[in-house]
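Residues annotated as transmembrane segment in TrEMBL: 37-57, 82-102, 109-133, 139-156, 168-187, 199-218, 279-298, 318-338, 345-365, 448-476, 488-510, 516-538. The domain 'Major facilitator superfamily (MFS) profile' annotation in TrEMBL covers 44-542.
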């Protein structure tokens, strides 16, 4: 007669054996073939990532439009704040609603719906005759901004081959940066035309229409087809988007994984230990993304540079061009190398450099007397508007706009004649100095200090551009199961927007209370705290299929550290996995997976 303890031990042993057998059958599928990206996949990536292009444009075009809107509609400071903030309201609503559409109606349909929001919002904005129409248009555009980027990232992650997935998903971030830069080109162009703000809003309509048309010619997500039970169509899609014709192994891998993930619902994100763990990873990444403080620090970039001696047009223009160029080049570098270097490596390198550059910048600010006054009472309207331009252009795409709402009060006193001068200065020299800022100085700033300040700012921007900017959205599109991926990523995006809004609304008051130096040091400390989270918690997903990633997270959450191992490896990795057989694929082939007792105790049983 077996005791109850012996019976439970036998059941646990059988459960572990079955779990290991399922993992063995999944992970020992033949390695996914590698090859060049086909033309169809290239076209699909460009069309889908067009959501990022429109997103970046919509974030930045309000800066030029407000110059004319403030005088034409006699907008008060409060109304200007609300108009700028309306896109955040729409973004939060869009985040909450887009997940259901993406999971139920397919990823491509999510992109179509968001493009329609862009079109409708742009039509309302360009035809606005009242403040209410401006508000409505901005909210509708905001709904599309978040939803479009989420749908595009998820779609690209599911059609891309494992060895190119990071590059194709991060293409959305690159297109966002390009969209921001294009917005300022059009802002400058249309600022010279009467009612130019209408053209600024309307220019996005043909782009969105082209995207809607193009989406219907793109292949659907093969994983979504399997989820809906259409295996034959999924096989045809895989043959179209892969450079090889034998896709049976990949299809079998997808089916094996989805057979265990079909019954997830939204509440499982909070009820299941394993999915709750994945949600904590995603939300933790969003928190540490905000902890870099890049949008708010970049808002004061021109003030910092003016204060350290960049007062002439030539040097100021060079500084602004350098920052913009570094932003673009950093994103390109991450896009090209993310599948070779790895997600965690980029995050660790970026976080370390961000911490060092923030500390250096804080120490430089401590050495140089600086004056920070309330933005609403800033004495030089032109320079303050340029600060807004810098913030939107260089901040990370999901939160850049949040630096603007509380900083547009000065516009109510800008005359129509001022608008032309302001916009010309914005385009030609965003860092032009003002004697009023430097009036209290009795001694010139040593050249070495001003160049160190600029260099630290450039390094800070570059570090963000190769790490948090593109990498986080790649990881979010990879770590969640197919069945609830849309809703999970949408919820994290919503929390990210809300958190960025909270930080933006409190930044000025905190800066006035403790000083910018201490604010930067706080950002540096929190970013440093994020390093252990990245090293020990965040999984490395490079080179793995989405099914392998999900299985890795299911099985006790084995993680890949950068340069350490533990004595628990033999206990955590079954014997059948410790020896690699010829022709078999294992996610431990190149990296050692390990676990710590602390995390295991915290999350408890990781099985679903």
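We count from 1, first residue shown onward.
Keep in mind that glycine also has a Cβ here, set from the backbone N, Cα and C atoms.
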Maximum Cβ pairs under 8 Å to the transmembrane segment (139-156) - stretch from the list 37-57, 82-102, 109-133, 345-365, 516-538: 82-102
Taking the transmembrane segment (516-538) as reference, which of 37-57, 82-102, 345-365, 488-510 has the most Cβ pairs under 8 angstroms? 345-365
Under a criterion of three or more Cβ pairs within a distance under 8 Å and sequence separation of at least 6, are the transmembrane segment (82-102) and the transmembrane segment (37-57) in contact? no
Contact call for the transmembrane segment (109-133) against the transmembrane segment (199-218), three or more Cβ pairs under 8 Å: yes
Counting CB pairs under 8 Å, which listed stretch among 37-57, 199-218, 345-365 touches the transmembrane segment (168-187) the most? 37-57
Listed stretches 199-218, 279-298, 345-365 vs the transmembrane segment (488-510), most Cβ pairs under 8 Å: range 279-298
Checking distant contacts: for the transmembrane segment (199-218), what same-chain residues at least six beyond its ends satisfy Cβ-Cβ under 8 A? 43-44, 47-48, 50-51, 53-54, 57-58, 61, 64-65, 108, 111-112, 115-116, 118-119, 122-123, 125-126, 137, 183, 186-187, 190, 193
